[in-house]
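Taken from TrEMBL as is:
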type	residues	note
TRANSMEM	B:6-30	transmembrane segment
DOMAIN	B:75-125	domain 'NADH-Ubiquinone oxidoreductase (complex I) chain 5 N-terminal'
TRANSMEM	B:92-112	transmembrane segment
DOMAIN	B:143-427	domain 'NADH:quinone oxidoreductase/Mrp antiporter transmembrane'
TRANSMEM	B:178-197	transmembrane segment
TRANSMEM	B:209-233	transmembrane segment
TRANSMEM	B:254-272	transmembrane segment
TRANSMEM	B:284-305	transmembrane segment
TRANSMEM	B:339-360	transmembrane segment
TRANSMEM	B:381-400	transmembrane segment
TRANSMEM	B:420-443	transmembrane segment
TRANSMEM	B:464-487	transmembrane segment
TRANSMEM	B:507-532	transmembrane segment
TRANSMEM	B:614-634	transmembrane segment
Amino acid sequence: MIEAPDLSLSALSPFLFVFGAALVGVLVESFAPRHVRQPTQVALALVGTVGGFACTLLLAGRGEVTAAGALAVDGAGLFLQATIAGLGALSVLLFAERALDPARSAFVASAAVPAGSPRDRELLTDERVQTEVYPLATFAVGGMMLFVAANDLLVMFIALEVLSLPLYLICGLSRRRRLLSQEAAVKYFLLGAFASAFFLYGLALVYGATGTVQLAGIRQSVTDDGTGTLLVLGLGLLVVGLMFKASVAPFHTWTPDVYQGAPTPVTAFMAACTKVAAFGAILRLLYVAFGTADWTWRPLVYGIAIVSMVVGAVLGLTQTDVKRMLAYSSIAHAGFLLTGVIGLDAGTGSGLAATLFYLLAYGLTTVGAFAVVTLVRDGDGEATALAQWAGLARRSPLTAAIMTFLLLALAGIPLTSGFTGKFAVFRAAIEVGAWPLAVVALVTSAVAGFFYLRLVVLMYFSEPAEDGPSVGVPGLPTTIVLAVTVAATLVLGVVPGSVLDLADGAARLVG
Amino acid sequence: MDTVPATGLLASSWLLIALPLAGAAVLLLGGRRTDRWGHLLAIGTVTAAFVLAVLSTVELAGLDERSVGVDLFTFISTGRLDVGAGLLVDPLSMTFALLITGVGALIHVYSVGYMAHDPGRRRFFAYLNLFVAAMLLLVLGDSFVALYVGWEGVGLASYLLIAFWYTRPAAATAAKKAFVMNRVGDVGLALAIFLMFTQLGTTSYEGVFGSVGLLAGGTVTGIGLLLLLGACGKSGQFPLQAWLPDAMEGPTPVSALIHAATMVTAGVYLIARSAPLFDAAPVAQTVVVVIGAVTIMIGAVAGCAYDDIKKVLAWSTVSQIGYMFLAVGLGPVGYAAGIAHLLTHGFFKAGLFLGAGSVMHGMGDRTDMRRFGGLATRMRTTFVTFGLGYLALIGFPFLSGYWTKDAIIEAAFDRGGTSGWVLGGVAVLGAGLTAFYMTRLVLLTFFGEPRWEDGVHPHESPAVMTLPMVVLAVGSVGAGFLLVEAFPLADWLAPVFGEPEEATAHAIPPLAVSVLVTVVVALGVLTAWLLVGRREVPTTAPARVSAPVRAARAGLYADAVNEAVFMRPGIRLVRALRVVDDKGVDGVVNGIGAGLGGSSARLGRAQTGFVRSYALGMLGGAVLVAGALLAVTAG
């Protein structure tokens, strides 16, 4: 007789909403006529993500472990789930933009047609659109939300795959520069598989050492028996797998290539949501499972944070492509986020709240920045070469102003959310005595600030090129995204109090 | 001395500042629409402020605790730093408020006539209102920070008004000079305030004066000297005196109000207000006295040599403020005497400037006294009022200057010892020189043969100008007696400076001092008459003159010294710094940039685009991670 595990349906409601919407999306894709698919799919994806967002809000304040110990419902998890769902909804809006590309979509009409073939050229200008991206993205959002709630290494692994597989696919769906896009997808898939293998191997080692895959069980085992070689090696491999997803150096190599090749709305989605999900899992693994043995991993994370900040900031200096530059910025920000992880200390540190706030602020700003990238276009689609952005402020002062503001936020200038976030994580690191890390973080912030400001200078003080790009007039979806992200970046910078309090109240991990 | 919360009318003393400030705002923001009635509004606000000041003073006089605090709002509150904005209404601040609003109102009225034909009249009145507001904040603030805000405010207004005719290169240059020299002083004041912050954590008068005793002697002296530097800059005292005569490029009402009666006395106010600090720092006090004495002589000597009527009056101001510095530097015996002289000086010097303005108005804006002469009959009211101001200034018995200046000279002698004799001697000599150059001025302007240029038709000024002159002349005659004998200022200011001590032993009997001074003054007048009044006055200044006269004409070479000691080395320093900046700092910065860029390019080569090398990189990273973890656990 097998007992049914306890299952709190209300605690599962965010997942049910998102995955439900995704499944219905698959059915719509199969049975609905072509002309109604796009609006239906967009609506479904929005219902799923916004519904998931609403469900997490309703769950606020809960703290329990459910589904036979496989899922944790706690403040930090819910905050991250809400962040992922919200950023996911914004990304879906970017996917749905129809006004910018002459062919009405950033996604290829038929992904199976070989790139560069006559059929492909025909389809390039066709108004047919690929609508599989919506259920795929919704699945990815669901996987990410599960990822940050997983209280069991196996569930975490499944969530990792659920979020990764759709991403590999939609990375290859760009309508323009298809070879680059497909190359990115294959690279991401291969390296992602490699990273998954690390994670799985680490899982196996941990199971071998402790006899359990549940985080609470591992914690118990670590507390009782200490750390053996097997367990430590397992921890290392798990960390490698997670750091890969979070694009932390030295596991970042895929990031620039994939960010550049993927369709820009997908890049925005990856840069924002995947980062949040990966850091959620990192926090849970390190603090719930290995929190009592933090002396083992603390020096490691310390070193990785420095490497990531330095690599991101220094390599960003010589980039000539806006999307690649933002990719290196993402790597540097991963390092800044790790300072917050270091600053998390049982009892004293404010690192958890700081990291949560940083993830929210960074995600919003990044989605906004990539949304601006989708606006600047020439005959071949998006104009992402830095040189093409010269003098943009003359062509479109508003676009340049929005981009400038978002770049300043990424650089961490006061009165933007970036400053509040950086201040919070650096302070958390200093509180636990990691001030050398904070010093490195400040120096690398300054170095990274250089390449953000270089783009600002380029936009405002350079002569526009003769055949420069034009700035598209966005439709309603992108306009909403820009308005929300800019407003949030400003509000979180000027009056961050209430959101900081919210993050502070949510800063709790059960398990 | 305890400060009590404000009640009644005193609670609204912020209106004193708000009224003229609102006037300035309306005039500046209202633009041309206010051209027609703007000056009336300006007069209205200052007059209302004067009435309010009078009523407040009456109410204050009726209180037992004559020190009233008015809390306005918290200005800065962060960490240990807590700066509240509040006002302090006490006898000293109200005395100044009365002077500022009273003389200010008169000069506003006068300016209506003086600036009648100027296209920028609205702007002029806006700046004047702004000045009055800032000056009132300076004297009414209850902390050094509030004082500093007002201090910078009057500096700004002064700069704007000196450069009022900014199309004249001389005016623009003079404004810049005043600005720069004031800045030197302001740095001193700012540093003094920072010192108070770091040492005491407060800048309120109450807090600072209450804890002077906690400070080391050196610190108090340091704060005192820095405050003195600020005071010297604002009040045109040695070694920062050279800007004041140049400031006469501004319209004459400005010279009267700002550069004679009120703003330039802010330094005296600062030192008097900081009396508890200076009383605890004898060294700083001595420096104040020395600077006062030196400045008396510089101003008096230079005043003898100039032919420009306003510049002579300006040097006279420098010299008279030297008397006030001398007085407040003498400590408790001198504070009230210094303030009394400041008040009477406010009357007669403002009157003299307005008279000079009236003369210029009649002479087509000329200022060269060698081309005046014989104006006594043409401009009767001006002559009489100017004459009364002149007599008050030189210390003619029983007029204002006689009472207040004699008190200072007496206090200087009473200091005792050699220093007392030296200071007293300087003060008496200064009085003689004052009599000389002022008599020379009056003789050149009002007596003798007319030496007017062609096309000049002197005429009396309109009533709107002469009326304020008459009022000020009455003040010049009576104020001294009122303040020293009838209603002694020392008693009124007792809550601030302590009860006046009756000096028991005088170095020289007061009567003897009076007689001595009067004789010296008479000698000065006589000399002037012998040298100037009896002779033919050449219409151009003689070129072949003795060395002392040349020195005096050059303002005792203050500008030359400034140029040689500060300006040229400064320029050289800036050039050297630029070289260091270009070669050194930029080199380092560019080097860092190039280094980062180079390493970025080199690191970037790892980004080959091949999945195999990426995978290898990840594997390497994973090996490092595993190795590091093992090393940590094993170690």
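In case you wondered, yes, glycine gets a Cβ from its N, Cα and C as well.
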Summed over the domain 'NADH-Ubiquinone oxidoreductase (complex I) chain 5 N-terminal' (B:75-125), the DSSP helix, strand and coil counts are 29 helix, 13 strand, 9 coil
Is it the case that the transmembrane segment (B:284-305) and the transmembrane segment (B:420-443) touch, counting contact as three or more CB pairs under 8 Å in which the residues of each pair are 6 or more positions apart?
yes
Given pairs 6 or more apart, does the transmembrane segment (B:507-532) have at least three Cβ pairs under 8 Å with the transmembrane segment (B:420-443)?
yes
Near the transmembrane segment (B:339-360) in space but 6 or more residues beyond its ends, with Cβ under 8 Å, are 92, 95, 99, 103, 106-107, 110, 114, 252-253, 255-257, 260-262, 265, 268, 272, 309-310, 313, 316-317, 320-321, 323-324, 327-328, 366-367, 372, 375, 379, 382, 385-386, 388-390, 392-393, 400-401, 403-405, 407-408, 445, 458, 460-461, 465-466, 468-469, 472-473, 475-476, 479-480, 483-484, 489-490, 493
Any chance the transmembrane segment (B:464-487) and the transmembrane segment (B:6-30) are in contact, meaning at least three CB pairs closer than 8 A with a sequence separation of 6+?
no
With CB pairs under 8 Å as the measure, which of the listed stretches B:6-30, B:92-112, B:254-272, B:381-400, B:614-634 comes out on top against the transmembrane segment (B:209-233)?
B:254-272
Quick test of the contact rule: Cβ under 8 Å, at least six residues beyond the ends. What residues does that give for the transmembrane segment (B:254-272)?
92, 96, 99-100, 103-104, 107, 110, 128, 131, 135, 138-139, 147, 151, 154, 157-158, 161-162, 164, 189, 227-228, 230-237, 244, 247-248, 278, 288, 310, 313-314, 317, 321, 324-325, 328-329, 335, 338-339, 342, 345-347, 349-350, 352-354, 357, 496-497
